[in-house]
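Single-structure report; data block below.
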Amino acid sequence: CSELSAGAVRGAGKESESENKLDAETASDSESKSEFGGSAPVPTSDDTPEVLNRALSNLSSRWKNWWVRGILTLAMITFFFIIIYLGPMVLMTIVMCVQIKCFHEIITIGYNVYHSYDLPWFRTLSWYFLLCVNYFFYGETVTDYFFTLVQREEPLRILSKYHRFISFALYLTGFCMFVLSLVKKHYRLQFYMFGWTHVTLLIVVTQSHLIIHNLFEGMIWFIVPISCVICNDIMAYMFGFFFGRTPLIKLSPKKTWEGFIGGFFATVLFGLLLSYVMSGYRCFTCPVEFNNDTNSFTVDCEPSELFQLQEYNIPLVLQSVVGWKTVRMYPFQIHSIALSTFASLIGPFGGFFASGFKRAFKIKDFANTIPGHGGIMDRFDCQYLMATFVNVYIASFIRGPNPSKLIQQFLTLRPDQQLHIFNTLKAHLVDKGMLGSLEDA
């Protein structure tokens, strides 16, 4: 309102023609702003199962919500264990489904806000851009991790070779469709929604793609970060529920410092314990690779040093406290401290960001998919931020050159190129003293 008033004051002393233009633009702004954060919120309803409503009818709303959230949290954790047991392919499918549902929830908010304008092609173009971006990212993944299979099948090889050009052509088609759909009275509104769709794609699709990349590094890089976020969410809620007194941030009035700090220590301890248990199993620590002979995923390998027990000296300051001089632990447990610290200290800011978004549109939750928890996006707002951190962490501190991928690419070269690389490598190894002289060879 202050912006509109200032605009009116500035326009008062101008020529009538420019004043009319300013008034029209201001009115258009006012209309669109009132729709963005208008008084009519997106409706939400209580979708708590009737069985739970009857069983908990004698409790206060505070304790009723506690039990509903607790019961459904256990149900979601059980489902999480089941999909882990079913293997990496099912996990990738679930990630894809979660991505689509999160995109749907955010786009639906935009559609509900702007439905009165009857903007042409808004939802159609939104889903079209989702398809384009997924085609690009998953096409890159298939080319990277299924290189031998792609080179073996002629149609896949052609699609792989021109993948980026095809992706760009698809996006360009959607871009032209958007330009053709522009309506004179709603230019600004349509560009708002164009930006809305693309920011949603950046937040949802890109992050889910990174989650799948983390999964290919080993299921432990998928399970531990997600579990740390879940643990922090639960423990921060528990500490806040029973001990919370000091508000943490205005965006989320129910969040407290007691819950934030308690969740941090509980998550770090949980991360250490979970990492110790999982580091002993190859099915969790080995990279997920595609076996060309069996045409299936395999998770069998010799564990790297990251997942082999090593002995560490305890600092002198702590030796008198714990009574030990050394401790045996997996190197991955040290990395888990970084993961759990991020999950508990920085991860919640993804939730605060989502809270600010919901407050801007005067809604309680993104949807009513999970009673007591809101929509899928309400549960994954911190997970997406965590996925980016894990991917950056792996690329910066863990991942090294992959010999198998280099060999796969080498085998696709022409014979003369292969021979040139062979001679260059041989000369290099001779110079290093790792092979006999070229004359001896």
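The chain as shown is numbered from 1 upward.
Glycine is treated like the rest: Cβ placed from N, Cα and C.
Residues or ranges marked as region 'Disordered' by TrEMBL: 1-49.
Taken from TrEMBL, the feature compositional bias 'Basic and acidic residues' applies to 12-34.
Feature annotation from TrEMBL assigns transmembrane segment to 121-138 (among others).
When Cβ-Cβ distances below 8 Å are used as the criterion, the transmembrane segment (165-183) is approached by residues 119-121, 125, 128-129, 131-133, 135-136, 139, 159, 190, 194 of the same chain, each at least six residues removed from its ends. Annotation source TrEMBL lists transmembrane segment at 165-183 (among others).
The transmembrane segment annotation in TrEMBL covers 190-212 (among others).
Here TrEMBL flags 218-244 (among others) as transmembrane segment.
TrEMBL lists 256-278 (among others) with the feature transmembrane segment.
Sequence-distant contacts of the transmembrane segment (332-354) (same chain, at least 6 residues past either end, Cβ-Cβ under 8 Å): 220, 224-225, 228-229, 231-232, 236, 249, 251-252, 255, 260, 263-264, 267-268, 270-272, 274-276, 279, 285, 306-307, 366, 377-378, 381-386, 389-390, 393, 397-398. Sequence annotations record features per position, and here TrEMBL assigns transmembrane segment to 332-354 (among others).
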Which of 121-138, 190-212, 256-278 has the most Cβ pairs closer than 8 Å to the transmembrane segment (218-244)?
-> 256-278
Hey, which bits of the same chain come close to the transmembrane segment (121-138), Cβ under 8 Å, at least six residues off its ends?
-> 99-100, 103, 107, 110-111, 114, 163-164, 166-167, 170-171, 174, 177-178, 181, 190, 193, 197-198, 200-201, 205-206, 209
